[in-house]
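Straight from Swiss-Prot, the features:
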{"type": "BINDING", "residues": "75, 76, 155, 183, 203, 204, 205, 243", "note": "pyridoxal 5'-phosphate binding site"}
{"type": "MOD_RES", "residues": "206", "note": "N6-(pyridoxal phosphate)lysine"}
{"type": "ACT_SITE", "residues": "328", "note": "active site, cysteine persulfide intermediate"}
{"type": "BINDING", "residues": "328", "note": "[2Fe-2S] cluster binding site"}
């Protein structure tokens, strides 16, 4: 067993060996290394052909038209292009946007930037299970609302939003609907026709592809217009200039092809591992599972261990590669804004750990993880005076702490 055990698939996945093997064929003199935009010779044509194939593979996972796929450097860029692109193109129709407080930072910080430019953003509170209440979303809509941006699967707690219902609502109100699907592509089925989504952000490295490549799905019927954020040679139908990195695109295409073929298999494997981990820790005292347990992807389990400091637990679990919060914000010691939005207090939010697993995780690794978690939590609680008070029946919420 390789230590530390990797249980942080929500941060990134290892590249599938089949993907890596394919990518290597598009880099050297022996392979297809040409520029897909070179129209005057075979090197360019072959590279363009490889890009077209990848576009088809990515579109197939979404039930989309390959012409609706725009390549970007990743989901962060896709979020920026979608949100700023719509805001700047449709600002004559209105300047109001709706999103939720539990979105990824790539969405929230893009919204903050638009607020500085004079747009008005409504941030919806999720319910305590992490899901968005449709009635609240509808109530927030106004005549000048031009865009709704809601993620499909949350990166910290793994809950799955009812995208089809939100899409139906947005379509009936003629509001553009953007979805960040970085954490759902390859984990749950996505059908852009059924879901009535206008824009979808995708990432390769959350689906066993390489880092540094992503895509934005841009609907053609009804056509969605965007203002480009990256200017240059007019690549990607003018939406996103820059030479296409053939090897990365081929990697993303192959990763999405495998994801489509093995979707059910991957899902069942993750579910088996999730249930095994849950069964191994659910009899522990004062343990909370964060987020809805039914409407969620099985690849993620976010757990709060009361009376244990999250950072200490991470250190005690040095043989497990896990995270508290998401990799994008874990450099800060602030408690997770996602968990705070669910109504968790600071202490509980601070004591949460995200376990995320995937294609290459084994049952033996989960069993070893359970053993380590139980020992570490018991050891840390044994050192905590708060745990003693809790065990003695003291309601810690009623204690008035002296500030000094």
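Positions of Cβ are set from backbone N, Cα and C atoms, glycine also.
Positions of the features from Swiss-Prot, shown on the structure.
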residue: 75; record: pyridoxal 5'-phosphate binding site; Cβ contacts under 8 Å, 6 or more apart: 104, 106, 180, 182, 201, 202, 203, 206, 214
residue: 76; record: pyridoxal 5'-phosphate binding site; Cβ contacts under 8 Å, 6 or more apart: 106, 214
residue: 183; record: pyridoxal 5'-phosphate binding site; Cβ contacts under 8 Å, 6 or more apart: 10, 151, 152, 153, 154, 155, 158, 206, 297
residue: 204; record: pyridoxal 5'-phosphate binding site; Cβ contacts under 8 Å, 6 or more apart: 74, 210, 211, 213, 214, 248, 251, 252, 255, 256
residue: 205; record: pyridoxal 5'-phosphate binding site; Cβ contacts under 8 Å, 6 or more apart: 12, 13, 15, 74, 211, 212, 213
residue: 243; record: pyridoxal 5'-phosphate binding site; Cβ contacts under 8 Å, 6 or more apart: 35, 36, 37, 233, 235
Least buried by Cβ count (within 10 Å) of the binding-site residues 155, 203: 155
For residue 183 (pyridoxal 5'-phosphate binding site), the three-state class that DSSP assigns: coil
Surrounding CB atoms that lie within 10 Å of the CB of residue 206 (N6-(pyridoxal phosphate)lysine), all protein chains: 29
